[in-house]
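The structure appears right after this line, and notes come after that.
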Amino acid sequence: MRGDSFIWSLTTAASLLYATVESLQVVKRDNPSIVGFDIERFQVAKPVHRDIIAKRASGKTVSQDLDNQTIRAHIDTGSSDLWVNTDDSQFCSSRRSPCREGGTFDSSSSSTYQLVSNDFNISYVDGSGASGDYVTDVIEVGGIQLKEFQFAIGHTSSSPLGVLGIGYEAGEALVSRFGDESYPNLPAALVKAGHIRSNAYSLWLNDLSASRGQILFGGVDTGKFEGKLQTVPVLHTSGGDYTSLVIALTSVGIRTASEGSLDTFPAQPVAVAMDSGSSLSYLPDALAAKIYNSIDAVFDPSNNLAFVPCSMVNDDRKLVFTFSSPQITVGMDELVIDLGPDANGNEATFRDGSKACVFGIAPAGRSISILGDTVLRSAYLVYDLDNNEISIAPTRFNSTVTNIMEIGTGKNSVPDATGVPNAVTSAPITQATGLSGIETGVPGARPTSRGAAPTMRPDVTFGVAAAGLAGAGILFAFM
């Protein structure tokens, strides 16, 4: 996610990130050590219009049963803590009941609940966040128990859903904010308990309209991608620390199906976070401006959003993101996002009356660039935190083929994957800001203010909940 603590850990270290290249070994065994979950979409009922476009109004989430209470939390590779809302928070107990869809946690019902500290505090760039306690309890993951598992509860919160952060332990809020020692978060705890062999997982979000995706801790599903996986290094700070899942984006281009040629936008490599917790993608301002101009998007600076006609969902142009060698090709049907009506039934329109949709790429400003769901849905990704690398392949949308392989240990490559030779190993975190070069589009095509001006920096999303593979879910058991 675009969190303050996440950005702090990067920007205070250096203006450049560096990388080393290693790899992971994936083998198929009779009894593989894999913990997996299907990702299911859900829609928050009757959300306020600003919440539809807010960062965490809904999203890719896992469903968790906390003492027979179902709680949803965002799956987030851009942060590292699991935190959930409590039933006694002022935000969740307000008259509007904003946490009703996501659920809340009542610690008084657990006999194994233990307080660790009162130091939990996390905030995000959009102004949301949570604070409260670090605690331990028993967590059941797909029938596997993790005793004395540490997570956080938000007594104070401004987000209707909690977050399941699965990034580096160094990205935990108590580390980045206070310099305290880290604790084993979910993937690290699964390794420590011997349930998976490596701190690595694969992510298949599937397309925008699909009802299901998949996350596998300790595993890869070769039936969910096309061709070969290609592996690039995660970038580290000048001090050698790995704090975030950031790689080098080396180019962006646009291709039409009719012409076939790739028109690349001139740009230097830039560090981008591969962040499943961000619904939109955020690129350097100058690069965003070039993309907007190429598709005649209309930029609204009051919302930091670009709008396009909703009919562009049928456009045959595709954006191509290159990472030294592997590419993610994204169709307009993944980038054109319909906000739907607001609480008063008004829809975003241009002044000529045509319906306006949000374009799924926004300017990053002075923050780190992020590739969120609008781009990541078109890729199959393997995040290897033990060896500090990410493997990428084109996704196979709506695939029903399953071939799950276990991620082992060591420095051998993944099945059907190769390390990218001479991959870019350093890139600036931020670029110069300013969108003065953006065209306003055709005359009279700027969105109207009624129903079309979001009040918060957006991450437009449709809700996603994760149920366990073969029916197993993430279950918190309190005894």
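Backbone N, Cα and C atoms are what each Cβ position is placed from, and that goes for glycine too.
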Feature region 'Disordered' in Swiss-Prot, mapped to one of the ranges 55-74, 95-114, 395-414, 435-454: 435-454
Cα proximity to Asp275 (active site), best match among recorded positions Asp76, Asn121, Asn398: Asp76
Whole-number Å value for how far Asn121 (N-linked glycosylation site) lies from Asp76 (active site) (Cα to Cα): 17
Rounded Cα-Cα span from Asn398 (N-linked glycosylation site) to Asn121 (N-linked glycosylation site), Å: 38
Greatest C-beta neighbour count within 10 angstroms, which of the glycosylation sites Asn121, Asn398: Asn121
Other CB atoms within 10 A, centred on Asp275 (active site): 29
CB contacts for Asp76 (active site) [other CB atoms within 10 A, all chains]: 26
